[in-house]
Amino acid sequence: MDHYDPQQTNDYMQPEEDWDRDLLLDPAWEKQQRKTFTAWCNSHLRKAGTQIENIEEDFRDGLKLMLLLEVISGERLAKPERGKMRVHKISNVNKALDFIASKGVKLVSIGAEEIVDGNVKMTLGMIWTIILRFAIQDISVEETSAKEGLLLWCQRKTAPYKNVNIQNFHISWKDGLGFCALIHRHRPELIDYGKLRKDDPLTNLNTAFDVAEKYLDIPKMLDAEDIIGTLRPDEKAIMTYVSCYYHAFSGAQKAETAANRICKVLAVNQENEQLMEDYEKLASDLLEWIRRTIPWLENRAPENTMQAMQQKLEDFRDYRRLHKPPKVQEKCQLEINFNTLQTKLRLSNRPAFMPSEGKMVSDINNAWGGLEQAEKGYEEWLLNEIRRLERLDHLAEKFRQKASIHESWTDGKEAMLQQKDYETATLSEIKALLKKHEAFESDLAAHQDRVEQIAAIAQELNELDYYDSPSVNARCQKICDQWDNLGALTQKRREALERTEKLLETIDQLYLEYAKRAAPFNNWMEGAMEDLQDTFIVHTIEEIQGLTTAHEQFKATLPDADKERQAILGIHNEVSKIVQTYHVNMAGTNPYTTITPHEINGKWEHVRQLVPRRDQALMEEHARQQQNERLRKQFGAQANVIGPWIQTKMEEIGRISIEMHGTLEDQLNHLRQYEKSIVNYKPKIDQLEGDHQQIQEALIFDNKHTNYTMEHIRVGWEQLLTTIARTINEVENQILTRDAKGISQEQMNEFRASFNHFDRDHSGTLGPEEFKACLISLGYDIGNDAQGEAEFARIMSIVDPNRLGVVTFQAFIDFMSRETADTDTADQVMASFKILAGDKNYITVDELRRELPPDQAEYCIARMAPYNGRDAVPGALDYMSFSTALYGESDL
């Protein structure tokens, strides 16, 4: 009665103001209520040594009514009137009614005169009001009270019994099994429940009434025949009688409360274990993916063709677009799950979760850093390899062209040098052979530069690791060996001709002059044709402009070259004139050279045709470089906007996380609005990715219009998404902590203000010395002596269990509120198990299964160690070590 709440009573009693008194006129119900209410009153009056026989007669003078109220309330009422007159009786009844009203009960239409006059329905209504107030109202089961609480208690206690389904206080009790189930649940030795039959309600009811009266001191308030014979037994009579069972078994309520506490603790532990298992699996999967991916990114085996390397680049793009983003989300979710689990463990007074070795968040971050480092190196390698292969293809083609030209020139030269024609030649023929040989030597010297170029290109192909280097080397070696042989043969033939020259004196100077001028000019034309057909690779407009300028300079030399061509042809024409004039027998050919005027004119015409082709190629390349420049500017313009935008958003999120504008919910809403605006910015990132792809496809390797690369933008974007998700999670954990710990918004603002004051670098964390200064500013007495250092070390072990050397704001507010937190402890759980065990130092399997839900009972049985004390019995379990293990004080 000490915890009685008048307002609560008024709230419950309000529906009883509409009490249907007409129902009391039903004879069957009136009979049940008379018997039940009379027995209930006598169960209390006998404590005062008296009883009543007729409920409407014996309360008329008010004396026994006042006595009943004193017994059931434990309080003294006003002194009763002892007179026999009607006015004395009315006065006594009024005192009783006033006392009832003082307990917060509204009595509607029940007056003292009606009780004194013996009005049956009013008397029964008054007694029912007393029963409600003093026997039923204070019943409380799982946050429900009075009638609902009593009904829930009955349902909970009879739930394990077959054929029992308590839904109300009338027809659910007609078969008697409900009463028998309540007795058997608390005193199983009193009733053999297995022998009861649902089709024998009379036996069931009488068994329950007799056992309750004999062993539980509950008077027989109901008649089995009346209950069976009534279509709908009286609800108030049943409630009154069932409430006696509740009070008789109230001691068992402690066990139920203890069981509820254990269930709550075990449920928290099971949930945390599942979260730990989920974290371990997600961390293992992510680390396995990283482990498989890094070797792929570190594979630097080069390909032999541009097509193969382009495919590798495309595979890498697919990895960045399709495979990596989901793993970024998994990594972020892993950190969020870890922080949420640690928060739940702190709120439930559990030790911090330490993942398996190698699966800490820091381990994940380190592995991720290794992945990104390998990724960065892999992309650089791909681009370098593409450049290398491009350069190799160009050099290989150049090598083939020069080698073909040289081989074409050397074809037959060895056989020519090995001829012995000078042995049978005339003097004029010898001199002709000598001059021809001098022209050949001039031609040979002119070809020396080409041979050196071929060797230099072959050397560069070897240095760049060209895949077909063996064939290149073999061809180059063959050319060099042939060139050396040509040199030796040339030197040998010259010596022979010079020896013969002493015997010969005549030479045709015009042929010689023709040969000397035709050979260099022919070599110049061949070089010009080679240059005009040479492929080129440029990457900037400046480079193509340089090639165009060189080409224009070459075209400016063509008039002088044409004059030289006409001069050479003029020499040949002069020779023809001399031959025709003097009838010289020259066999129609120039003995000093094989270059004919027809060949010179043919090559000259070819040079003139190649010039406009070169013009067209340069123009097309200039247009391509202009397009590349447009792509550079387009990418640079977008990157120069997106890069600073990402940096600004990062700074704004950092400010929001440390400012104290509004409540935590306001901050959370503000952050979620930021998150939405960030997500809405994704199309611009995708557009920039498209521009970047065009740049890569165009083989553009640098961009002077921006300092941002696509890699910078990607990393910044991923960091932005991760930062906003982490910040939202931190605020959600702060709300969870605030609500769980009962921290007011003012306290939270004070904590944040103190934290921000000492967070001078705005990093969102405090170092040990900053944290210590913050505690002192909040009134903590931490001295500079050994005791103060030990206390501060203890506090640091709480707020920084992973020994990272920093204190987060979440850990800070957890510490500030944990001293007053209403959390379960190992001692409380141990005390609850002791109640279930009947004050024994051990508990049995049967007791666990009887008092706990099946899944949590089996959870305890599987983890409890055997009890080895002196008072142990077979099958005894040690609930004490199990309780300490739940809170990390021993091994579970």
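Every residue gets a Cβ built from N, Cα and C, even glycine.
Quick look at what TrEMBL annotates:
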type	residues	note
DOMAIN	31-135	domain 'Calponin-homology (CH)'
DOMAIN	144-250	domain 'Calponin-homology (CH)'
COILED	265-292	coiled coil
COILED	430-464	coiled coil
DOMAIN	746-781	domain 'EF-hand'
DOMAIN	787-822	domain 'EF-hand'
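With pairs at least 6 apart in sequence, the domain 'Calponin-homology (CH)' (144-250) and the domain 'EF-hand' (746-781) have fewer than 3 Cβ pairs within the 8 Å limit; the two do not touch. Taking Cβ pairs closer than 8 Å, the coiled coil (265-292) reaches residues 327, 330-331, 333-334, 337-338, 340-341, 344-345, 348, 350, 353, 355-356, 358-359, 363-364, 367-368, 370-371, 824, 829, 852, 856, 859-860, 886 in its own chain, all 6 or more past its ends.
Only residues 6 or more beyond the boundaries of the coiled coil (430-464), in the same chain, are considered here, and those with a CB under 8 A from a CB of the stretch are 388, 391-392, 395-396, 398-399, 402-403, 405-406, 409, 413, 416-417, 421-422, 472-473, 475-476, 479-480, 483, 486-487, 490, 493-494, 497-498, 500-501, 503-508, 511-512, 515-516, 519-520, 523, 591-593. Here the domain 'EF-hand' (746-781) has, by DSSP, the following mix of helix, strand and coil residues: 23 helix, 2 strand, 11 coil.
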